[in-house]
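Swiss-Prot lists 44-160 with the feature domain 'Cadherin 1'. Per Swiss-Prot, N-linked glycosylation site is recorded for N56, N98, N342, N374, N716, N729, and the stated evidence type is sequence analysis. The feature region 'Disordered' is assigned by Swiss-Prot to 887-955. Feature annotation from Swiss-Prot assigns signal peptide to 1-20; the stated evidence is sequence analysis. As annotated by Swiss-Prot, transmembrane segment applies to 832-852.
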Amino acid sequence: MLPGRLCWVPLLLALGVGSGSGGGGDSRQRRLLAAKVNKHKPWIETSYHGVITENNDTVILDPPLVALDKDAPVPFAGEICAFKIHGQELPFEAVVLNKTSGEGRLRAKSPIDCELQKEYTFIIQAYDCGAGPHETAWKKSHKAVVHIQVKDVNEFAPTFKEPAYKAVVTEGKIYDSILQVEAIDEDCSPQYSQICNYEIVTTDVPFAIDRNGNIRNTEKLSYDKQHQYEILVTAYDCGQKPAAQDTLVQVDVKPVCKPGWQDWTKRIEYQPGSGSMPLFPSIHLETCDGAVSSLQIVTELQTNYIGKGCDRETYSEKSLQKLCGASSGIIDLLPSPSAATNWTAGLLVDSSEMIFKFDGRQGAKVPDGIVPKNLTDQFTITMWMKHGPSPGVRAEKETILCNSDKTEMNRHHYALYVHNCRLVFLLRKDFDQADTFRPAEFHWKLDQICDKEWHYYVINVEFPVVTLYMDGATYEPYLVTNDWPIHPSHIAMQLTVGACWQGGEVTKPQFAQFFHGSLASLTIRPGKMESQKVISCLQACKEGLDINSLESLGQGIKYHFNPSQSILVMEGDDIGNINRALQKVSYINSRQFPTAGVRRLKVSSKVQCFGEDVCISIPEVDAYVMVLQAIEPRITLRGTDHFWRPAAQFESARGVTLFPDIKIVSTFAKTEAPGDVKTTDPKSEVLEEMLHNLDFCDILVIGGDLDPRQECLELNHSELHQRHLDATNSTAGYSIYGVGSMSRYEQVLHHIRYRNWRPASLEARRFRIKCSELNGRYTSNEFNLEVSILHEDQVSDKEHVNHLIVQPPFLQSVHHPESRSSIQHSSVVPSIATVVIIISVCMLVFVVAMGVYRVRIAHQHFIQETEAAKESEMDWDDSALTITVNPMEKHEGPGHGEDETEGEEEEEAEEEMSSSSGSDDSEEEEEEEGMGRGRHGQNGARQAQLEWDDSTLPY
């Protein structure tokens, strides 16, 4: 029956709507009718739970959004027209998918961001369509609660709170946690917003990290091994998304506070010529808050392996003795092997330092006459010695110097030897000198004798007192034994070095008591003792420790140097003052060419504390000074290397000066970069001049020794004395020695003369000079000189040619008045020969004059005949023409002929006459006459333009 009744509803509604009268009554009728039709409200669930994925618009509801209406299937009244959401600015909307079924959908108006809001709660209601299409009286359902959760998407990577982390750890400790790093994630869900893991990206580091970001060390850290570690750490969220950027963790290793010196460098480079250079400009002492009351610092420069104990001048012993002002008469018992000093030829030698090494199997005999038999009651023995513990039998004597019987007997007259690390000097007087029990053996017991280091020994004898100086310090003998004098005999004595000669009491004379060690500069000076000043100079080191600005050391600082300045002791009670004092300690090497290499450096410290049972210990500073290689000088000798002199000049009292213009120049190569920075050309070397000393120059005779019966080299002793140089002269040449400047040696060489009072059989003599610095360490080039002797029949020709020889441009012409006068004097001939020459010359003058007259007439005719032809030709303008004539070639041309030769002969005759009569014409006029006579006519005019201007040329 209900469906039958419902079919009338539209009709009734139409009738009701269609009636136009009634006004309010009609409206009320419609409501009554609608109430009869739309009896029920829509129905929905009381609550909904929805999920929406962020960045999406679909909401999945549980249960689904469906509204029911009991008025169904009545049109409009039983249909669902809308779902309404109650709330402010909610990003959701509900739409009806099917009015009849009441199915709806909840969706987002715009993308949902979980990071802004994770969940939403709001009210929703369903509305039916009312009673008709134009009805607004819709019925609504009850309010249902909708709760929506936003589902997160892992769109953000973890980020660390700090871009970098820094921590400081103490070496030698294991930490549970050095520091903690922390990362965050901006995702909203626990799954994606939480950090699940941390990881160290840097490999091979002694660190680990846990899931909470705590970093710990896996092993004990050492400050000496590595001062600082830098590691990279990353983080992962629970979705395993890594951090966008790793963070840097810097771990500084702090050393355990150890007392010691800080801020010093192990290698210190020293450039030669740098003067006094600070060794530790920034050093300071760390005491770790120790209660220090006083401090003693010992700085030691170890140079035992440089030369003979330190960097000393390497000049020869003679040069050093001269340089230090030692008395003359010193005899070198270990000279460099040479023809004159051949007794050291068989010894082992280090040529660079002239150090002789004795291996216990060799000795050297000093020839008779080198050392006088009677040394007198005053004499001095000096030597450098390096000696270690005696090998083999300890009782064996090791002889340094020995004077014993050559044959028959085995008496030792005087000797110097080492026995059981004791230095012993034996001196036995003869009966003719003393006849009483006198001191004979002097013993010194010193640790340095067997320490395998170089030491300088001086034994001063003023009998019966004998004093030993070692490294400048004085030592008296700890034991002196007496003995009777030696009985007189006629047995010759043998002086030996490195062993003692055993001439008697054996089947065959031989060496005995061999020395094991090294010796250098072994000398003896009979008749005089050396002063303390000379001894100090001879053993002085040229390198050592120094203090810059002594006045600024500060109060309370005491310091002390040893004699060689290799050890410096400083004491003080204020650490700040001690620091400043040690910062001023420097190294100095005064040699221009020091020995390159390493010098060990040690700084030891002794600390006293305030009443503490245990005081801090400060480790030694172990460093070294590297002395760099000095610039190598190049010594060059230059000057005139060939000249002629007349024989008469060689016979004169002054002789011939050999090296009037010699120059000694020392240069070094300096590398310069090209001026253009962009160029790729190699660097060029530029020679720069430098000044330094020389220690000898040898003038050697080449081609046979000098014959002392007719020739010699001479040099005034005053020239040497005023320049503090010495010289030795022999038939092989002249040797100048002594430490002096290059200019001093130049001045001395300028005065070397050669004389030959029988030059008739000699054509030329050749000489060679070679100079040295530092005992041959640097040598010059070999400068060769040839001196030719002009005999009387060669003087005229040689004079004419000699003045045309042009010296090299870097040489200065040196004119010697004595040379010119000698040449003129040599031209004088005996009176009878002069008369004959005058007569001959007169005849030649007449013949030459006639010949010249005829030649001039012939030339004049020739000029007149050819003048017309020349006018038609192009004139040759030779006003600016310069013709250079080789002065070593012949001057005769095709147009000169015999007339010119005759003119020259006439000229020479006139010169001889002028010389014999004492005429003193100038050199310039003579040269012009010699070049210009005999040229006439056109050739004469042309010769005026081609004249050789030799007014400035030396003879």
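The backbone N, Cα and C atoms fix where each Cβ goes, glycine too.
Closest in space to N716 (N-linked glycosylation site), of the glycosylation sites given as N56, N98, N342, N374, N729, is N729, taking the CA atom of each residue. N729 (N-linked glycosylation site) and N98 (N-linked glycosylation site) have their C-alpha atoms 140 Å apart, to the nearest angstrom. Model confidence over the domain 'Cadherin 1' (44-160) is summarised by a mean pLDDT of 87. Nearest neighbour of N342 (N-linked glycosylation site) by Cα distance, taken over the glycosylation sites N56, N98, N374: N374. Taken residue by residue with DSSP, N98 (N-linked glycosylation site) is part of a strand.
In this structure the alpha carbons, written CA, of N374 (N-linked glycosylation site) and N56 (N-linked glycosylation site) are 126 Å apart. Over all protein chains present, the Cβ of N729 (N-linked glycosylation site) has 15 other Cβ atoms lying within 10 Å. With a cut-off of 8 Å between CB atoms and residues at least 6 apart in sequence, the same chain places A108, P111, I112 near N56 (N-linked glycosylation site), listed in sequence order. Sequence-distant contacts of N98 (N-linked glycosylation site), defined as residues of its own chain at least six apart whose C-beta falls under 8 angstroms from its C-beta, are absent. When secondary structure is read from DSSP and collapsed to three states, N729 (N-linked glycosylation site) falls in the strand class.
With a 10 A radius on its CB, N716 (N-linked glycosylation site) counts 11 other CB atoms from all the protein chains.
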